[in-house]
Structure formats: C-alpha cells, structure tokens
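J.: According to Swiss-Prot, the record shows the following:
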ACT_SITE  ASP92  active site
ACT_SITE  ASP276  active site
DISULFID  CYS105-CYS110  disulfide bond
DISULFID  CYS267-CYS271  disulfide bond
DISULFID  CYS309-CYS346  disulfide bond
DOMAIN    74-387  domain 'Peptidase A1'
CARBOHYD  ASN86  N-linked glycosylation site
SIGNAL    1-19  signal peptide
Amino acid sequence: MKTFLLLLLVLLELGQAPGALHRVPLSRRESLRKKLRAQGQLTELWKSQNLNMDQCSTIQSANEPLINYLDMEYFGTISIGSPPQNFTVIFDTGSSNLWVPSVYCTSPACQTHPVFHPSLSSTYREVGNSFSIQYGTGSLTGIIGADQVSVEGLTVVGQQFGESVQEPGKTFVHAEFDGILGLGYPSLAAGGVTPVFDNMMAQNLVALPMFSVYMSSNPGGSGSELTFGGYDPSHFSGSLNWVPVTKQAYWQIALDGIQVGDSVMFCSEGCQAIVDTGTSLITGPPGKIKQLQEALGATYVDEGYSVQCANLNMMLDVTFIINGVPYTLNPTAYTLLDFVDGMQVCSTGFEGLEIQPPAGPLWILGDVFIRQFYAVFDRGNNRVGLAPAVP
C-alpha cells in the first residue's frame, strides 16, 4: 500500500494521475488567411475590419480582435446535447465562453456551418439571457442555453453556452471552425457563465486541475492534442519552467525581456504577456512590432510583412526571456510559408495589436510560440508550465 501511495504521489507530481489524461486530438487545416488570400478577399477583410496592415495594428479596440483567428489551423471536435450534435471549435485560452451557431441565426456564416437545434436535444434547458462578444467592428450576439457538453469522453452536465443568432461580417463564412470553446479564467466570461473547464473541475471530471497543449509543427499536424487532467512528458524535452500567472483573467505572465539576436530590444524592465492558444501569431504593441519587423529585414507588401525565403538562414533569432529562462525562436520557427499564384512567399509570424489599458499593453504568445514550446495551464496553482516541444 505504501508503495502504491508513493507511486501515486510521483505520478501526481508528473501530472499523470491514473486515468487523468483525456486527450483531444487537434486537426490542422488551412488557415482563414490562406483561404481569403487565395480567393482575393484578404484586402477586403482589412478594410471591413478597419485594419491598417502598414502600421500592423487594429485601429479600433475590441474584446476579441478578429484578426487573431486569421491564421488558426488547429481545431478539435465537441458535441452538445442528447443525442450529440457535433461542432468543430477553437480551444481558446484567450477567452472563456463556449459558443456555437444557433438554428435561429440568419447571418451568412450560419448558413455554411452546422447549427445547434435545441428542440432536438432532450437535455437542453433554456436560460434565456443574452450575450454579446465584440469582434473587430462587429458583434457576435445570441442567447444563453444549457446542455451537456462532451469533449472526448468528458461530459459536462448543465453547461451554459452561447447560441449565436448574429455573426459579424463575412469573415466567419470561410472559417474552418464553427465556434469557440474558451479556456480562460471565469472573470473573462461574458454573461457570468461558468467556463467549461471550471465545470470539469467542479464535477470531478479531471484528476488534476490542469490542461496542456501540444501543437505539432508538421504540415498535417498529426499528433497535435489538447490534454485535460495533466500533461504528457513525451511531448517535451527537459523540465517544465513553471511561471506564475500575474493576473487571473487571461493566462497572463511576466516577460523579463525580448532579445533580437544577442541584444535585448524590448521589455528590458519587464512587461506582461499572455499565452494564448486562440491567437495564431505572436502579437505586441504596434510600434514595437514595426521595430521588430525592421530589425528582421521584413518589408511591407500588400497584406503584411514579408521576408525573402532564401534568406532565413541569415536572419536573427528572437528570444523571449520568461522567469529567467530563454525561449528562442529561430527564423524557420517564426516564419510562415505560403504559396501565392504558384510562388513561394514567406512572412513573419509577428503582428501588431494594440491592447489598451487597463488590460494592456500586452504581448500575446500565440501558436507560433506554442508550436515550439509545450504549454501546461495549471489552475490549481495558477501557473503556466513551458518546455521545448518535441517535434
């Protein structure tokens, strides 16, 4: 018995309590930016969202800048109701609500995605409260309902979620995802809704109050997964660097500095960042990002900042120093490869985003960062664990 208890304590310390790991496969698909660029509609999006890409910034502040989702490529499947109705979602640590399209939605985006039918679910309960989430220059609005939500064998009972009845603009029409499942802290939730992971903890569905994210770098994304209830040491090398959460809303942490090459260029006296699976790129204050683009030799062309694909081996590394530990992105890691009219195009994975006080200014470490560094989100100790991801 003592041996078993000792083993259990060791496994708990490793984030691997017996039966703790519930793995949600994440598929990697073509990003919305690539789709719109191929259809010649990307410039139209910039104009519709009041975006000035030459300045790399959103002109208008928003609760959820729509630009964050342009390069999202990692998606998972959930089901809502009895019998289950399936939806493809972004698992987003930068927000806290779950929403999917409603059968009552008349927006163009709802015509191209699965919609939730409350009348077809025997476990559905009407809550009736309205909700609204600001995206760029438009709002996603709807009503709140409650039903059981299942994620790879974990079934949350009585989960309140948003049923969108209006989705802004034409952007979501082309998106690969139907909705968003937020994994941020409750303070971010619109309408005072309890987030899905909080209900998982309250209903004792996870052995440990943590989840982790592995995003594969290979084009097909095979092996990418979200893990509830712990973390998988096979996805990273070395030890996790545990970083305290500085504010319990986003998964917000402190940066000690940002190096370009061997020189500290930003945050020499420290600054704040969030680790965000719902943001595809790495973002920062627009002025800082413009300086960074210039230091990397990136030039502005049409719809963003590009670099010469042949020059990657001569470009500078970018290093984020977090809790005293350097996290270095080489040019191959922070550069996005695309094909336009049959030609290879390389762009940087950095974008300017103005986040106004009191929430900002903030840097956002999105998927470009998380692909290189395995991320563990520990609600029990309010900390984020980071370690080099195993390819």
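The backbone N, Cα and C atoms fix where each Cβ goes, and this holds for glycine too.
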J.: Looking only at the domain 'Peptidase A1' (74-387), what is the model's average confidence as pLDDT?
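T.: 93, rounded to a whole number.
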J.: Between the Cα atoms of CYS267 (disulfide bond) and ASN86 (N-linked glycosylation site), find the distance and write it as a whole number of Å.
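T.: So the alpha carbons of CYS267 (disulfide bond) and ASN86 (N-linked glycosylation site) sit roughly 43 Å from each other.
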J.: Across all chains shown, how many C-beta atoms besides its own are within 10 angstroms of the C-beta of CYS267 (disulfide bond)?
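T.: 20, counting other Cβ atoms within 10 Å of CYS267 (disulfide bond).
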J.: Which of these recorded positions is closest to CYS110 (disulfide bond) if you go by CA atoms: ASN86, ASP276, CYS309, CYS346?
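T.: Comparing Cα positions, the closest of these recorded positions turns out to be ASN86.
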J.: Can you grab the distance from CYS105 (disulfide bond) over to CYS271 (disulfide bond)? Cα atoms, rounded to a whole Å.
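T.: Rounded to the nearest whole number, the Cα-Cα distance is 41 Å.
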J.: Which one of the disulfide-bonded residues (CYS110, CYS309) has its C-beta surrounded by the most other C-beta atoms within 10 angstroms?
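T.: Highest number of other Cβ atoms within 10 Å: CYS110.
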J.: Let me spell it out: for each of the active-site residues (ASP92, ASP276), count the other Cβ atoms within 10 Å of that residue's Cβ, using every protein chain shown. Which one has the most?
T.: ASP276
J.: Measuring CB to CB from CYS271 (disulfide bond), give everything in the same chain under 8 Å that is also at least six residues away in sequence.
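T.: Set apart from CYS271 (disulfide bond) by at least 6 residues yet with Cβ under 8 Å, we have ALA254, LEU255, PRO361, TRP363.
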J.: Relative to the Cα of ASP92 (active site), which of the recorded positions ASN86, ASP276, CYS309, CYS346 has the closest Cα?
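T.: For ASP92 (active site), the closest Cα among ASN86, ASP276, CYS309, CYS346 is found at ASP276.
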J.: So what sits near CYS346 (disulfide bond) in its own chain, CB-to-CB under 8 Å and at least six residues off in sequence?
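T.: Set apart from CYS346 (disulfide bond) by at least 6 residues yet with Cβ under 8 Å, we have SER306, VAL307, GLN308, CYS309, LEU312, THR335, LEU336, LEU337, ASP338.
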J.: Which of the listed recorded positions (ASN86, CYS105) has the least company, meaning the fewest other Cβ atoms within 10 Å of its Cβ?
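T.: Comparing Cβ neighbours within 10 Å for the recorded positions ASN86, CYS105, ASN86 has the fewest.
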